[in-house]
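Notes to accompany the following structure.
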Amino acid sequence: MDEPPFTEAALEQALAEPCELDAALLTDIEDMLQLINNQDSDFPGLFDAPYAGVAGGTDPTSPDASSPGSPTPPPSTMSSPLEGFLGGARTPPPPPVSPTQPAPTPLKMYPSVPAFSPGPGIKEEPVPLTILQPPTPQPLSGALLPQSLPALAPPQLSPAPVLGYPSPPGSFSSATPPGSTSQTLPGLPLASLPGVLPVSVHTQVQSAAPQQLLTATATPVVSPGTTTVTSQIQQVPVLLQPHFIKADSLLLTTMKTDMGTPVKAAGIGSLAPGTAVQAAPLQTLVSGGTILATVPLVVDTDKLPINRLAAGGKALSSGQSRGEKRTAHNAIEKRYRSSINDKIIELKDLVVGTEAKLNKSAVLRKAIDYIRFLQQSNQKLKQENLSLRTAAHKSKSLKDLVSCSSGGRTDVPMEGVKPEVVDTLSPPPSDAGSPSQSSPLSLGSRGSSSGGSGSDSEPDSPVFEDSQMKPEQLPAPHGRGMLDRSRLALCVLVFLCLSCNPLASLMGSWALPGPSDATSAYHGPWRSVLGAEGRDGPGWVLWLLPPLVWLTNGLLVLLFLALLFVYGEPVTRPHSDPAVRFWRHRKQADLDLARGDFAQAAQQLWLALRALGRPLPTSHLDLACSLLWNLIRHLLQRLWVGRWLAGRAGGLRRDSALEADTRTSACDAALVYHKLHQLHTMGKYPGGHLDAANLALSALNLAECAGDALSVAVLAEVYVAAALRVKTSLPRALHFLTRFFLSSARQACLAQSGSVPVAMQWLCHPVGHRFFVDGDWAVCGAPRDSLYSVAGNPVDPLAQVTQLFREHLLEQALHCVAQPSPGPGSADGDREFSEALGFLQLLNSCCDTAGAPACSFSIASSTAATAGTDPVAKWWASLTAVVTHWLGRDEEAAERLYPLVEHLPRALQESERPLPRAALHSFKAARALLGRGKAESGSASLAMCEKASGYLQDSLAATPAGSSIDKAMQLLLCDLLLVARTSLWQRQKPPPPSQASQGSSSGAQASALELRGFQRDLSGLRRLAQSFRPAMRRVFLHEATARLMAGASPARTHQLLDRSLRRRAGPCGRGGAAAAAAAELEPRPTRREQAEALLLASCYLPPGFLSAPGQRVGMLAEAARTLEKLGDRRLLHDCQQMLMRLGGGTTVTSS
């Protein structure tokens, strides 16, 4: 400290000298102060002095202290703050006011005006800081006066409570002993030190925030006597001694004073007369918790760091009241809770949906469970990806492995990868400097750590966690097989070699000498010398040449067959990568089939075949090659050569495991081909007839090669599908192949199991075989909406053909009853009824084995091996059988079928067509009138007939142009109702013996209600006869009955009965063609109809219409003989009773 002391004369000289600040700087400072004045209203009570009673202080109510409401300082103060700083005169500003120098006054301590209400973590203590005298007086540069501050020992920090506010343990205080408010140099009065400026700085340290806040204000005032000079300073830094304060984190902030309130600063020093002091703020450096006082510096708040501004804002906001703090805290908490609730609601919508109602705990629990499920799924997928990637890497070459794994990057630890996987994935070191072990994991880590360029960054490699693959599970080199076009090219090459036989030509030209060699041995320029042929000529070569050529050709053919069937056939080993991919696609296809997504199922089956190394043809050339190869292969397998070689696929050596794998692979491929063929047949898979034929042949060839790996039922189903393809796609001239495939299916079943599957037994029946081969039917893609049977499996064409056959049997049985064949054998017995019952019995057996239920969509399942039922077809068959038994007057057989007919199936109950209800009510009415049970009353029976008639009329009106089976069923029901009404009429009013003997029909008239119902049913029968000609012969008989019931003129009745009794002779002589045409238009009556007409004529016609007196008895006798042959026991009983009345107890026997 060798500088001269700072004297009062030097201070006056420095203040008197003109300032070197230019006009621009002055203008900026004025603008800054004006800004401070404008913003002063933001903190009106910032520098108020609410505390009094400090030692050495003055009363806040004294005249020296300005009131808070005064807008301007008193007149004794300087004209402007700038003049107080500069102390010199300028041209624009007024001259400075030179204050008088009063006598030195004792030092007074004033408390610093707090910027905000102190909180519990703030401690206030006034700290006097003494500024030593500088060595030499220097002129003031601008508004700042540099000073030399000697370093003193750092004072001890003592946490003492001030102003009634408790101090927390972690707070800091100024270096003032407890109980003292100011500190001066010991032993010296402050006034006796000229040139010394004693300043007391009030320090506030806040330690509640992470960064401690140090706020201080120091306003030196030149005071003559009681004159107070108020300095208003914006951004006043702390003036500290050059000592170190240890703190965790301190931040120096600035404060501003109230422009309208002159406040006395704490720690005003007394100056000698003539001295002027200007405040020199010092900027402190904060680094590592240590504060060091350095050169004074004023920092603009606009250029402060954000953290300092935030800290200052926090300091200002902490001065609010406790209520405002609580309100702000509540608002923050409300926003926090609202944010949490929004996120929980969003989480609930993601996990359980928007409609669910759960509390927060349940939502979090559900989210945790879902996250665990996703983690487990992710783990499984990673393991599966690992196995697939491992197999892919193992199958690649070294170059491909290095190229695909050198740029990869992964963060998976090496302990998650098994050693065999690392050995497989690690190529050998390429140079001497490379490490001995290298893997995609290590390569990725080196690549990521060594370079920083963007070219080295590659996509992340898959996570290798675990591998269950074993070396013996990998596919064999020959597992891929040959393509069909390669096979066909090899076949064509061998065929050309065998047909052209170039080997024989080559061997012949090599073995046999040429013509010139046989005649001359040497050709000179002038003459030729004939050579002599040796005695042992090439005869043995000529003898050995043909066998050698054929042996060589045979070896070539065997080699060709071995390449095609043994080494060219793809074999999939279990647990290999192709097997894993195949089963994945196949299981997905099963799920798609069960879901009804047939297009996606076909796509999965296509991918499954590709995984097995048997891709489907994608072009016309590939399709032609594949079809020709399958034809050639099928022919070779029929010769047992191809089947024997195909059983050795994979190698000629005998290996039981390899043979089993070969059969299993062929079985899997055959099932997929067969299912694709079924989907194509049902219209679920696109493609033409050639594609379908190729699929059928591929399935058939592989099924024959599968052997015992494929069940007998599936093999028979494949044969039947091939026969169905011949029936559908090939022309009629080639339909004989259908018999061949059906015979092969039957032989395969009988050879292995000795029985035919239940769902295919109808194909072995002559009627079923004839229907399949010669029937005019077609398979449609959409399920058939039939009233007489239920559809089976929608993806099985055989189930649809079986449904068509059941309806065909029902139709044949109805035609046998409604339209029997008028052959010569029909008079020998009940042929029409026996044939109908035979068809119905076969129909019942087919209904019991209707095929698999519609829900079995598995590819491996066979519809032929499982049995189902067809309740709809069974109900119609039972109803037809009951009606047939009624018409044959066999009540015992009909009663056994009553329980099956009484309950209508649910499918028919839900049907909108009235025909099933008409059939049910007709059955009930006929059972009441024709059965052996207790007879119902006339009114009840008539009511049931009327109800059945109403449903039947609705059915006739709804289907005017229905199918032949609908018309046959309507004819059967109409006839049944008319027969029931006739029986009701005969039961109520039987002809008495006198009227029967006289032939009078006047007494047997029915009621008007009965006649009205009979006429309605008869009109329905006439309407049906217009479109269905077999109903015409029943119209004549029932019309005659209606006239008899009404008592009409017997002449027309006799004509109608005569048409039923007339027997037409064969066409002969003139008019034979016209008679034949008439016979075709009008069907001939059956033997039963003739017997019924004879019975009606003999019972109800008057005697005048009979030619002879004994003709009535003869007609009854003939009718009795006919009914006895037909087996109609009820009509036979009625006929015998009539003969007994007419003949005096005589009976008629068959002659």
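Keep in mind that glycine also has a Cβ here, set from the backbone N, Cα and C atoms.
Per Swiss-Prot, these features apply:
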- 1-59: region 'Transcriptional activation (acidic)' (REGION)
- 1-487: topological domain 'Cytoplasmic' (TOPO_DOM)
- 27-35: motif '9aaTAD' (MOTIF)
- 39-125: region 'Disordered' (REGION)
- 91-105: compositional bias 'Pro residues' (COMPBIAS)
- S98: phosphoserine (MOD_RES)
- S117: phosphoserine (MOD_RES)
- 164-184: region 'Disordered' (REGION)
- 170-184: compositional bias 'Polar residues' (COMPBIAS)
- 234-497: region 'Interaction with LMNA' (REGION)
- 324-374: domain 'bHLH' (DOMAIN)
- S338: phosphoserine (MOD_RES)
- S339: phosphoserine (MOD_RES)
- 374-396: region 'Leucine-zipper' (REGION)
- S397: phosphoserine (MOD_RES)
- 399-479: region 'Disordered' (REGION)
- S403: phosphoserine (MOD_RES)
- S457: phosphoserine (MOD_RES)
- 488-508: transmembrane segment (TRANSMEM)
- 509-547: topological domain 'Lumenal' (TOPO_DOM)
- 548-568: transmembrane segment (TRANSMEM)
- 569-1151: topological domain 'Cytoplasmic' (TOPO_DOM)
- 987-1006: region 'Disordered' (REGION)
- S1060: phosphoserine (MOD_RES)
What is the one among the modified residues S338, S339, S1060 whose Cβ has the most other Cβ atoms less than or equal to 10 Å away? S1060
Measuring Cα to Cα, tell me the gap between S338 (phosphoserine) and S1060 (phosphoserine) in whole angstrom. 97
To the nearest Å, how far is the Cα of S1060 (phosphoserine) from the Cα of S339 (phosphoserine)? 97
What are the DSSP helix, strand and coil residue counts for the region 'Leucine-zipper' (374-396)? 22 helix, 0 strand, 1 coil
Give me the mean pLDDT over the domain 'bHLH' (324-374), rounded to a whole number. 88
